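Notes to accompany the following structure.
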């Protein structure tokens, strides 16, 4: 006899409940009376009664033939209607289950939500009452921690509770690659083509990677489950328990807080009316990307407020798009130039000119005083008297760390940097860790810090996961961050990069290979932190040389590629690699060593910027 496996087994399991006993097996008791045949065939009670009435009249006499015919006819019609209804219902359930076999968990969830919107009901998700590892937040840090926990403990059961309706995904492409896609369905697929031509999804893993939350406690080899659209509203540190916004309670053994941050708004917008707020995007999530992409096809002008990484990336992306659509893109910020808080002034000004060439009207030294509505347009009034009319506003002015759980959990908030205050091992309590944007940690090289970048989320999440499984390691691996202003200009940075610090820049003429596009082609990934290898810079030697006065870059030069060193007490504490790629391990080693250097021109040679 053949055995059905794989898909056949799935079909069998799905369709077994639909099988009906339309044929009666031979009874084991041969002396059973035939009068039970109707019960065996599951004929409705009213039809059985009709049959009995048809076989005998009052007081056991024979019925009139016309009455008999009427009863038999009605019985036949009723039986036919019943059979028709039964077959149609079975066919409907059959089709639904056949279609359900090929649906992903994401699609099933989407259809369930759509059914609820149309008046249907969504079965409640069973929340496990206890998990060994609980991760609060569904971003990069939480996912990195989950992978790290499972790597050290392959049987671990990990539950991620995420307020976001999406499965864990990477944020950088939301302001970079997705905007350069020529796929008209990019907002649905969320697939992007990297500069090297390879396709990639912004999701870290497909739905099949995860297990269901209700099955998590019973799976023999453990796994990672995600509760989407759920928020932890109460944390009991002593009782190892959290409460969700739906009233559910979960106890845990180890807990990670990776709640990230919320985009900051402007007080001028907060004071404005409802119409201004409805025409303002606080850019952060997938939903914000989808909304802004749609808006960019419908309006005539968009103003980006903010001159940092996110604001400049979005301005460049929208500016490049405007070359085909004709939309006006304006960027305004209080600094003198783009990324003025990070880059030295000469490089910030050069970057601003680059952004202008992308089709953006850049307005530096702009402080927003008020926002209102005038003639169907949003009217932005600046402190110096200038006015800007626009159809839509995008604010990119930083994050406010999500620290609401500090109150119920009795956790400390850092008064200088914000975020949960943790030690070098990212611990807030003996069984509580914090990672990502919400963590204010002690860097054993650079002091107390709070960092809001993708690679830091990866590094801190991974470290927290290791320490949750007993590693007891301090935060020593310096995370990096990067920013691309289109395919031609990009930079990578590490450490303390603050334009208020003394800087030394060493530059060289760029070649056709010195751009983000070429870097991606060589590394195979647009998420450049993924291409790093520490072993490349395990040993570096800086040759001795006579002290030299570093050359000060001249305003107006073409800064094709170079290295900018940030100094504190003559020690390099931060490095920006300008159109220099795949050299981050060297920069990390220099900062880790923490030595004074007499001639930074010699140090710059380690990055091979003068090679053709």
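Quick reminder: no glycine exception, Cβ is built from N, Cα and C everywhere.
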Which of the listed residues, 267, 301, 374, has Swiss-Prot annotated as phosphoserine? 267
Where Swiss-Prot shows 307, 308, 309, 310, 341, 398, 452, 453, 482 binding NAD(+) 1, which of 335, 404 is named for the same site? 335
Region 'Disordered' per Swiss-Prot, picked from 512-551, 552-591, is residues 512-551
In Swiss-Prot, which of the ranges 427-432, 433-438, 439-444, 445-450 has the motif 'Nuclear localization signal' annotation? 445-450
For residue 176 (FAD binding site), the spatially nearest of the recorded positions 267, 309, 335, 387, 592, using Cα atoms, is 309
Spatial neighbours of residue 492 (NAD(+) 2 binding site) among the binding-site residues 139, 141, 164, 482, defined as Cα within 10 A: which are they? 482
Applying a 10 Å Cβ distance cut-off over all chains shown, what neighbour count does residue 582 (NAD(+) 2 binding site) have? 17
Minimum Cβ neighbour count within 10 Å among the modified residues 267, 370: which residue? 267
Please state whether DSSP places residue 254 (ubiquitin cross-link) in a helix, a strand or coil. strand
Return only the integer: C-alpha distance in Å from residue 592 (N6-acetyllysine) to residue 141 (FAD binding site). 23
